[in-house]
Amino acid sequence: MNIDKFTAHAKSVIASSQLLAAKNDHQQILPLHLLSSLLSEETGIIQTLINNTGGNINLLKDQVQLELNKIPKVQVEGGGQVYSSAEALKVLEKASSIAKDNGDSFVTIERIFEALTYDNTIAGKILTNNGINNKKIATAILQFRKGKKADTESAENSYDALKKYGRDVTELAESGKLDPIIGRDEEIRRTVQVLSRRMKNNPVLIGEPGVGKTAIIEGLAQRIFSKDVPESLINCRIIELDMGALIAGAKYRGEFEERLKAVLSEIKESSGEIILFIDELHLLVGTGKTDGAMDASNLLKPMLARGELHCIGATTLDEYRKYIEKDAALARRFQPVYVSEPTVEDTISILRGIKEKYELHHAVRISDSAIVAAATLSNRYITDRYLPDKAIDLIDEACSRMKIELSSKPEELDELDRRIIQIKIELAALKKENDEHSKKKIEHLTTALEKLESQSYDMGAKWQAEKSKLQQTQKLKEELDRSRNELERAERDANLAKASELKYGIIPEIMKKLQEAESMDNKGLLKEIVSESDIASIISRITGIPIDTMLSSERERLLVMEQKLRESVIGQDKAIKGVSDAVRRSRAGIQDINRPLGSFLFLGPTGVGKTELTKALAGFLFDDRNAILRIDMSEYMEKHAISRLIGAPPGYIGYDQGGVLTEAVRRRPYQVILFDEVEKAHPDIFNIMLQILDEGRLTDSQGITVDFKNTIIVLTSNLGAEILVNQKEDEDTYKVKDEVMEYVKAVFKPEFLNRLDEIILFHRLNRNNIHDIVKIQLESLKKILLAQNIILEFDESALNYLAEKGYDPSFGARPLKRLIQREIQNNLAKMILAGEISSGKTVKINSKDKELKVTMS
């Protein structure tokens, strides 16, 4: 007997029988040990053979274990060596003989099992007593192998390969596990046309990720199941190839190719009744490729060309170009079927079609307004993904969120229960006190507790009743779904009696009960309908763009936005109004959706509040003054520095890192972007800003389109500042606008200026403005000191002194900050370090004899 002529699985069975004998302290390997190992093998081949011969594997296992327990145990010091008995060797010799007689090059596990039926020991008797004999097993092996010979060391892997390495999509359609497919008739028709060709009948579905390529295959499977296809495809089955399972565990060279060949030969033998579906078709190119080995695509090519293999592929445009088109021999064997992204209207139809499946899964109801919102809002705000995938994700997540809310305690009831616990803790503490005040407090809290417990009990009972009603509705929906599947099956099997009973009796009755349950007033604690606002809320969480329903407090806040901004920015009312109007337009949803929310060029001398207004705007929108993307344009004075904004071109360092501007906006699409000191940048930088301002988009160095439609763009500049500085104090700034614009037009091209929403002039600050700014600066200092528990007080004389001394029409408010540092903060720092000012003290600032006094009280 040559052990090398046994397959890897057969060797594994012999080795495990040896381990079993050693574990049980048996002196030698008996046929019983071989039978026990065969009954426990992992491939499932032996179990299938036993089932096909009418045996029961669990009964066999129990009987074998009983007999193993009867074998005498002999313990040898040091473990000893376990040898094969003459009977076991005879079984293996018989297996080799049977394999040879049947034309097998290798001995497989089923041949060892067949040899055991010839055994005269207890193992053979157990099989005979269970009705398993050599004739039955030989017939079962013949049927199971379907004429295949064991000619490789891993022959067992090639049995029933399609079942191991594939998924029957037609079977899923039959059992009703696939979502209904709406539309896509043209793509399905084109796929059927290609499949019906004589040669090269292999379509490949090409489209962006998430447009529904796999759904088209599921739609075709449903049509095959319902016989809504040409005669040539009526008896076909679609099997999806699992490339992961095919590759997994292929340790030895040639094992992967052997598995794939087994799959292909099964398809070939089916005489065109099996259509192979390969999702992510590009994985074929290079899969299994090692030194001197062929990759999967080369194994497929001959069969594809001859029309022996019906194959449908699916891949994305990028991957098709990158992998398939490079292999011209493979590309010509496939016929491309392009799958475009559906329109918003088509997406709404698709969502309406699959709505019932999601309602059933999540046990909630989806309103039609939620479906329309999911399609329209995802199309507008989620720009880096494709319909219908992104819209379906929104519906799914909104339903999931509502399902979690339904299964948890309502907020009102939760608050009541927390209040009850709080009162009980207070009562427990007060009962330890004996004073009159505590007794009164106990009496008061006891009354409140009784009232709250009564409310909690009533609300809890109401919640449980509502929950029970929802569960009842869910059961009815599940029953209706089951009945519809049964009706389809009955109609297909021509079981007219059952079909009529379901169609005219059971289904109408369930629908009536369901309508009654859903029509009952449900204005209680639980909300079970997914609405438009739920979808908007999910998008807001994903993108950070506030499109969910505005609270009344936010509406009021937006109407008084100018007042809020004036608290930080003094004396620039026209600029504040222009920015406020842009924000209100965007939050009201009436701005041009293809442009940024607002684009402004702020012109004015230094220190008048251009950058400060941008920070105040960020503070108003995001409650964080630093939530702005600030790009200092003085860093982009050289032409080559421009590429930093959108990313370095291919071949340059940093190509894979993305651009400063594009990456920041991709990660946070709703923000204020400040291009500071814009006139200092290289003129070419404005060319890339043209499409941002006009179309609200920009393509980075890697070809990714970044959406700027939810940004506010602010550009600041000092152009024409000398004109504004030399202007009379009370003169209207807009009288000199034409002169300032001459400077602006000399630097910026007309096509750039024409794309801005507004060019806003900041006038120079007058003495009254400086007085107000002093107050803001001192209030800011007051907050800083308050954090150290030091109180700061100042009077009007201090304000007047600082305003007079810090006023400089050429430099705006910036000298004022330096003055406060010099006159106040420096003195305070010395006093704190010297220990003169400590926590809890009050510091007073006033002016006397044209000097600023800092005193402590």
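The backbone N, Cα and C atoms fix where each Cβ goes, and this holds for glycine too.
Taken from Swiss-Prot, the feature domain 'Clp R' applies to 3-147, supported by sequence analysis. For 6-71, the entry in Swiss-Prot reads region 'Repeat 1'. The region 'Repeat 2' annotation in Swiss-Prot covers 84-147. Under the heading region 'NBD1', Swiss-Prot lists 160-341. The ATP 1 binding site feature in Swiss-Prot is assigned to G207, E208, P209, G210, V211, G212, K213, T214; the stated evidence is similarity to another entry. The annotation region 'Linker' is assigned in Swiss-Prot to 342-544. According to Swiss-Prot, the coiled coil annotation covers 392-523, on the basis of similarity to another entry. The annotation region 'NBD2' is assigned in Swiss-Prot to 554-764. The annotation ATP 2 binding site is assigned in Swiss-Prot to G604, P605, T606, G607, V608, G609, K610, T611 on the grounds of similarity to another entry. Per Swiss-Prot, region 'C-terminal' is recorded for 765-857, and the stated evidence type is similarity to another entry.
Everything Swiss-Prot records as a feature, shown here on the structure.
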residue	record	Cβ within 10 Å
G207	ATP 1 binding site	21
G210	ATP 1 binding site	17
V211	ATP 1 binding site	22
G212	ATP 1 binding site	29
K213	ATP 1 binding site	24
P605	ATP 2 binding site	23
T606	ATP 2 binding site	15
V608	ATP 2 binding site	30
G609	ATP 2 binding site	24
K610	ATP 2 binding site	28
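Where the region 'NBD2' (554-764) meets the stretches 84-147, 160-341, 342-544, the count of C-beta pairs under 8 angstroms peaks at 342-544. Confidence for the region 'NBD1' (160-341), expressed as mean pLDDT, is 82. Sparsest Cβ environment among the binding-site residues P209, G607 (other Cβ atoms counted within 10 Å): P209. Listed binding-site residues: T214, T611; maximum Cβ neighbour count within 10 Å falls on T611. G604 (ATP 2 binding site) falls outside any helix or strand according to DSSP and counts as coil. Note: the Cα of T611 (ATP 2 binding site) and the Cα of V211 (ATP 1 binding site) are spaced 44 Å from each other. The DSSP breakdown of the domain 'Clp R' (3-147) into helical (H, G, I), extended (E, B) and coil residues amounts to 94 helix, 6 strand, 45 coil. Recorded residues P605 (ATP 2 binding site) and G210 (ATP 1 binding site) have their alpha carbons 51 Å apart, per Cα-Cα distance. Here the region 'C-terminal' (765-857) has, by DSSP, the following mix of helix, strand and coil residues: 51 helix, 17 strand, 25 coil. Nearest in space to G212 (ATP 1 binding site), taking C-alpha to C-alpha distance over the binding-site residues G604, T606, K610, is K610. Other residues of the chain with a Cβ within 8 Å of the Cβ centroid of G207, E208, P209, G210, V211, G212, K213, T214, the ATP 1 site, are A215, T316, V339, E341, Y386, D389. Per Cα geometry, K610 is the residue among the binding-site residues G604, T606, G607, V608, K610 nearest to V211 (ATP 1 binding site).
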